[in-house]
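Peer 1: Grabbed the feature section from Swiss-Prot, which reads as follows:
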DISULFID  C114-C125  disulfide bond
DISULFID  C195-C210  disulfide bond
DISULFID  C266-C277  disulfide bond
DISULFID  C305-C316  disulfide bond
DISULFID  C450-C469  disulfide bond
DISULFID  C681-C696  disulfide bond
DISULFID  C913-C922  disulfide bond
DISULFID  C928-C939  disulfide bond
DISULFID  C1096-C1137  disulfide bond
DISULFID  C1181-C1191  disulfide bond
DISULFID  C1223-C1238  disulfide bond
DISULFID  C1240-C1249  disulfide bond
DOMAIN    110-146  domain 'EGF-like 3'
DOMAIN    339-395  domain 'EGF-like 9'
DOMAIN    397-439  domain 'EGF-like 10'
DOMAIN    441-481  domain 'EGF-like 11'
DOMAIN    485-670  domain 'Laminin G-like 1'
DOMAIN    714-885  domain 'Laminin G-like 2'
CARBOHYD  N41  N-linked glycosylation site
CARBOHYD  N215  N-linked glycosylation site
CARBOHYD  N322  N-linked glycosylation site
CARBOHYD  N418  N-linked glycosylation site
CARBOHYD  N427  N-linked glycosylation site
CARBOHYD  N561  N-linked glycosylation site
CARBOHYD  N657  N-linked glycosylation site
CARBOHYD  N757  N-linked glycosylation site
CARBOHYD  N975  N-linked glycosylation site
CARBOHYD  N1190  N-linked glycosylation site
CARBOHYD  N1243  N-linked glycosylation site
CARBOHYD  N1273  N-linked glycosylation site
REGION    1370-1406  region 'Interaction with EPB41L5'
Amino acid sequence: MALKNINYLLIFYLSFSLLIYIKNSFCNKNNTRCLSNSCQNNSTCKDFSKDNDCSCSDTANNLDKDCDNMKDPCFSNPCQGSATCVNTPGERSFLCKCPPGYSGTICETTIGSCGKNSCQHGGICHQDPIYPVCICPAGYAGRFCEIDHDECASSPCQNGAVCQDGIDGYSCFCVPGYQGRHCDLEVDECASDPCKNEATCLNEIGRYTCICPHNYSGVNCELEIDECWSQPCLNGATCQDALGAYFCDCAPGFLGDHCELNTDECASQPCLHGGLCVDGENRYSCNCTGSGFTGTHCETLMPLCWSKPCHNNATCEDSVDNYTCHCWPGYTGAQCEIDLNECNSNPCQSNGECVELSSEKQYGRITGLPSSFSYHEASGYVCICQPGFTGIHCEEDVNECSSNPCQNGGTCENLPGNYTCHCPFDNLSRTFYGGRDCSDILLGCTHQQCLNNGTCIPHFQDGQHGFSCLCPSGYTGSLCEIATTLSFEGDGFLWVKSGSVTTKGSVCNIALRFQTVQPMALLLFRSNRDVFVKLELLSGYIHLSIQVNNQSKVLLFISHNTSDGEWHFVEVIFAEAVTLTLIDDSCKEKCIAKAPTPLESDQSICAFQNSFLGGLPVGMTSNGVALLNFYNMPSTPSFVGCLQDIKIDWNHITLENISSGSSLNVKAGCVRKDWCESQPCQSRGRCINLWLSYQCDCHRPYEGPNCLREYVAGRFGQDDSTGYVIFTLDESYGDTISLSMFVRTLQPSGLLLALENSTYQYIRVWLERGRLAMLTPNSPKLVVKFVLNDGNVHLISLKIKPYKIELYQSSQNLGFISASTWKIEKGDVIYIGGLPDKQETELNGGFFKGCIQDVRLNNQNLEFFPNPTNNASLNPVLVNVTQGCAGDNSCKSNPCHNGGVCHSRWDDFSCSCPALTSGKACEEVQWCGFSPCPHGAQCQPVLQGFECIANAVFNGQSGQILFRSNGNITRELTNITFGFRTRDANVIILHAEKEPEFLNISIQDSRLFFQLQSGNSFYMLSLTSLQSVNDGTWHEVTLSMTDPLSQTSRWQMEVDNETPFVTSTIATGSLNFLKDNTDIYVGDRAIDNIKGLQGCLSTIEIGGIYLSYFENVHGFINKPQEEQFLKISTNSVVTGCLQLNVCNSNPCLHGGNCEDIYSSYHCSCPLGWSGKHCELNIDECFSNPCIHGNCSDRVAAYHCTCEPGYTGVNCEVDIDNCQSHQCANGATCISHTNGYSCLCFGNFTGKFCRQSRLPSTVCGNEKTNLTCYNGGNCTEFQTELKCMCRPGFTGEWCEKDIDECASDPCVNGGLCQDLLNKFQCLCDVAFAGERCEVDLADDLISDIFTTIGSVTVALLLILLLAIVASVVTSNKRATQGTYSPSRQEKEGSRVEMWNLMPPPAMERLI
């Protein structure tokens, strides 16, 4: 049983071991390729084979074992036509060899001829009989020149430079430290000696390093090390830096290298007389206590002032045997013990309290004193002011209104130490305010009780609200219920009786308002037995007069017009002085006059018993008559107007308090009418309102109550008759008179006035050329500038004064003459308009024709036609003088010509002229209105006709113009006038000849030349201008006889009116020979000039007759004037010459050159501009010159704004951004479109290759050095520098990483990964091992039986060994290779791309 159990146990172990092995075998079988889905094109993968075995679904396609590629690419005959398919050995690709005439990858393109773009890169296509052939440029090859030959294939660039292939060439980009075409020249960076302060320079590749000596630092060893940086010096000493050292400058009192020792200043024992020396820092002090001495060194014997005898902080001064106290201000006494009392003079005003500054006990108690007591400031006092005052002496009143205490809009008035508020009336709320601060509402006017627009003023007194009425003018009473206005209607008065006031020093007054238009009127009269006072208007002014005992004592007046119908207030106050006051809106201030009181005795000036207002009761009572006769008073007109608010001795006067019978023509109220409102004077005079009526002050020549009548005018010279008026004076007028009259005339001459007697002519006044003239015997004649004969009415005045006679027009003084004094006597005669003696009249301007009205001698009217009711005192004698001022019928003679219509005017006529006629009588025809001249000509009116004026243009080829007189010229030809502008230096302008007479005007040697021989003269006259005239500008020329009235005369030349004129020295005749059929040539050429005049010539005038360039043109009006020069030649004349050189205005823009062609101009434009004025900017961008940029047009140029990466005028240059690159440490610069990048070399990285990858080692010296990379050890062996490389590196500088994969150590398709000094094989899924040499895919059945046999034998021998062997076998796969099937199956095969790094640059010390 036990054995059976053992057998069962053995069978169990064997079976279990077999199952484990089978499991592990299946898990390790080579089925990984099927898991990776390597079979393509819907094929099926077969497991358990060494390699893939794919069953392809389409066996006809000749696919490989993975069913993804064809074993033979030519299997499907991909080449077209008769092309031959060639299989590339070792590759699954093919190449088609095309027959002639075909091309393309599969020979699909037929080549028939050189088609478009058949040859690339500029190759030239050559037509072959079979197919075209491309002749390639240098640097390219291939059938179509499509292959760029790589010139870099031979690696021409040295020292790690980067070769850039070009077209038929190459470029080497050197790493820093090398230069030359092939980068074969090393750069010595130490050549410029960059290291300072004797430092050692190490030359490296592309850079240098400075080995600094002791005490220097910095990149170039330029910085000295500051040894004072650590602050080694003590006790305030100053550290001085030196080269490799420092020095300490000790402060006074210290010693030592670091100033650490303090000097003992007491060592010299400076203190005397037993004084104790106390040492300090750089000083000492002596303590003299108990020695009896004082001073810095205890050297001075203690003075008498030591006992402090002086009081009040006074200064004590010792002398030989005494002392003196120097007191502070405010103190006195031998020891300054007396305090002066500055308040004794009571300096503080407004009850201010005076406090002395020396009162120390008051400090801190009174706020006006300083904060603390000081003897230095104890002199003086301060004033403690009462509330409301300030200032040093309380002299300033504080403005209590500054705090705005008044409320509700009240106005604050500042008072001494106080204020008061003037409270307003609030119109919006209709509220009155009162109280000290206007804070109380006053209710007294709640129920308004004031009448007649009186103003209610509320108040609050004794707890009661009340009011008072402020009455307007004309009312009084507590409620303004009593009217005070009185109306005086003339010859009336108001008698007021009052008790006498006899107290000396009493004050009485008179006050009233009045309104009147009277200039003379009595306002008030007061009197007693010996004194009377009169207030009256004299010439509109207020007058106050006082008489005492029939003698005038006081006479006051105010020179301000009060007779203007407005209200005026006047007041008289009798006190110690008499004051007259006028209050008027037109007075800027009160009008006041004062005088001393007229009484000398104890009697009061107020002792008046009777007062009369508005007038006196003349003849009314015996008392009144006696009163007037007693004082012999001149009568003053009674007042007419209104009085109101009359107060006598402060009492209101109204009709109610006047007794019956004490007034006459006085009514209550004020009745006034504006009499002038209806304009009763008819605008012929000034209306004067007389209160009860009106009066017209008539303007001359009107008269009558309403100025309706007019003084009759006298008509002189009616229908050209001769007449005059005689006035014989019937009284004497003395030596001062005024004679005036109205005058109207259109004649320039005529006698106006003559004053004389039978033997003597006093004065004459007449018209001379329309102006007034005046003459007296033995005086010069006066002729004024004023023109009188304009047909208007003028007021002429003559004022005769002693030694002087003045002439006026209205109020304007026209002038005066000095004359002897004479008197106008009775029997003298005034003549107006003429004199009886016709011959004498003609000598004084002739008979006057016109009207004279309102003649006045002083204020007496001398009427031509007096009214019988006027009782005229002077009866005139009239000769051919009619009434009124009717004018003559001037149209009676039909004065208008050419169909004009006559209109009669006063002593004149006017004509309504037909079209194109003018003149007073339409006698002038406006020929130019008919447009008689051709285009380009200007019509110029001349006497009895017109001329066509134009500036002619001569171009040098147009030929001369011939003129000839028409035979009707009768005037004297004494001058020639013309204008021209030319640049010719020699040319003839005008030429005429009729032997022996000759005329020539030309330009010779740039100057104007004039020749003339005429009349009976045997000499030829020549004149040459002083200035050149061929400057192209206009010149105006006048050639004239200096004496045109003589048969022969010198001639003068005027050019542009510039003085001096050129005058001939000989005389010759006029130009009259041109009137006799003489040919006149204009614009001829000079003898030595093949061309004629080239320029402009204006129309020439000879004696005022034009040489017109236009003959009588068909269709135009022929010139009607008799005197003409005719154009004989038929050649047309070009007109339109410009008056000025148009080029002066600079019409050519942008620097264009202007050429004056006389009738216009021509602009020669600079580069970049075109157009008539060179105003058009030529667009240089039109041709698109910018290849890689945007074009901006400029003047005669363009500017290209290049795209990034391009430059050049036309953006044609590709920018080499590496020219100024910053690539360091031998890096290669790679240029891009917008910049560059650095290809780092060796052990460097970063944007500019300035950071090291691994530390480097430098050995050698300043001349020869070597840098080892990648941790190499630099050693010097037998004077040769070598790098001992770490395992895995090689090269001269250890710059090369040894490629351990170069020998292909990995088998069975394993991928070799190069590592540092080793390699790693990435095995295929079916292999393992360090080199993938272990095959994991043996036959599964063979493995099973071999394993079972081995296990059986082992179990039979040692059961335990079999179990161990089974466990070891099961774990075998887990320790072999580097492959993880699960990861590879999930993520696919791992591929690592290793950067191939160029060798680093060699660095060495030079």
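Each residue, glycine too, has its Cβ placed from N, Cα and C.
Tell me about the setting of these features in this model.
Peer 2: Note: C210 (disulfide bond) has non-local neighbours P194, C195, K196, A199, T200, C201, L202, V219, N220, C221, i.e. same-chain residues 6+ apart with C-beta under 8 A of its own C-beta. In the three-state DSSP classification, C210 (disulfide bond) falls within a strand.
In three-state terms derived from DSSP, C266 (disulfide bond) belongs to a helical segment. In sequence order, C277, V278, D279, Y284 are the residues near C266 (disulfide bond), counting only same-chain partners six or more apart with C-beta under 8 A.
In the three-state DSSP scheme, C305 (disulfide bond) is classed as helix.
In the three-state DSSP reading, C450 (disulfide bond) counts as coil. The local packing around C450 (disulfide bond), expressed as other Cβ atoms within 10 Å of its Cβ over all shown chains, amounts to 22.
In this view, C696 (disulfide bond) is surrounded by 21 other Cβ atoms within 10 Å of its Cβ, with every protein chain counted.
The Cβ of C922 (disulfide bond) lies under 8 Å from the Cβ of C896, H897, N898, G899, G900, C911, C913, P914, each of which sits 6+ residues away along the same chain.
C928 (disulfide bond): 16 other CB atoms within 10 A of its CB, across all protein chains.
DSSP gives C1137 (disulfide bond) a coil state; it is part of no helix or strand. C1137 (disulfide bond) has a Cβ environment of 22 other Cβ atoms inside 10 Å.
According to DSSP, C1191 (disulfide bond) is assigned to a strand segment. Spatially close to C1191 (disulfide bond) yet at least six residues away along the chain are E1180, C1181, N1184, P1185, Y1198, H1199, C1200, T1201, judged by Cβ distances under 8 angstroms.
The number of other Cβ atoms within 10 Å of the Cβ belonging to C1223 (disulfide bond), over all protein chains shown, comes to 25. The DSSP secondary structure for C1223 (disulfide bond) is coil.
Summarising the environment of C1240 (disulfide bond), the number of other Cβ atoms within 10 Å of its Cβ, over all protein chains shown, is 26.
Mean pLDDT, taken over the domain 'EGF-like 3' (110-146), works out to 73 on the 0 to 100 scale.
Per-class residue totals from DSSP over the domain 'EGF-like 10' (397-439), listed helix then strand then coil: 4 helix, 17 strand, 22 coil.
Beyond the ends of the domain 'EGF-like 11' (441-481), by six or more residues, the same chain brings 423, 431-435, 513, 567, 644-645, 652, 654, 670 to within a C-beta distance below 8 angstroms of the stretch.
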Peer 1: DSSP on C1238 (disulfide bond), three-state: which is it?
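Peer 2: The residue in question, C1238 (disulfide bond), is strand (DSSP, three-state).
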Peer 1: Between C1249 (disulfide bond) and C1223 (disulfide bond), how far is it from one CA atom to the other, in Å?
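Peer 2: One finds 6 Å between the Cα atoms of these residues.
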Peer 1: Could you break down the residues of the domain 'EGF-like 9' (339-395) into DSSP helix, strand and coil, giving a count for each?
Peer 2: 10 helix, 11 strand, 36 coil
Peer 1: Determine, from DSSP, whether C469 (disulfide bond) sits in helix, strand or coil.
Peer 2: strand
Peer 1: Round to the nearest Å and give the CA-to-CA distance linking C469 (disulfide bond) with N418 (N-linked glycosylation site).
Peer 2: 29
Peer 1: Using DSSP, tally how many residues of the domain 'EGF-like 11' (441-481) sit in helix, strand and coil.
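Peer 2: The domain 'EGF-like 11' (441-481) comes out at 0 helix, 18 strand, 23 coil.
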Peer 1: If you run the three-state DSSP split on N561 (N-linked glycosylation site), which class comes out?
Peer 2: coil
Peer 1: Listed recorded positions are C125, N215, N322, C450, N561; which of them have CA atoms within 10 A of the CA of C305 (disulfide bond)?
Peer 2: N322
Peer 1: Once the DSSP letters are reduced so that anything not helix or strand counts as coil, what is C939 (disulfide bond)?
Peer 2: strand
Peer 1: Looking at the glycosylation sites N427, N757, N975, N1190, which sits with the largest number of other Cβ atoms within 10 Å of its Cβ?
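Peer 2: Output for this query is N975.
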Peer 1: Taking just the CA atoms, what is the gap between C1137 (disulfide bond) and C450 (disulfide bond) in Å?
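Peer 2: Rounded to the nearest whole number, the Cα-Cα distance is 95 Å.
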Peer 1: Roughly how many Å separate the Cα of C1238 (disulfide bond) from that of N975 (N-linked glycosylation site), to the nearest whole number?
Peer 2: 97
Peer 1: Can you figure out which of N418, C450, N657, C696, N975 (the recorded positions) comes closest in space to N322 (N-linked glycosylation site), comparing Cα atoms?
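Peer 2: Closest by Cα distance to N322 (N-linked glycosylation site) among the recorded positions N418, C450, N657, C696, N975: N418.
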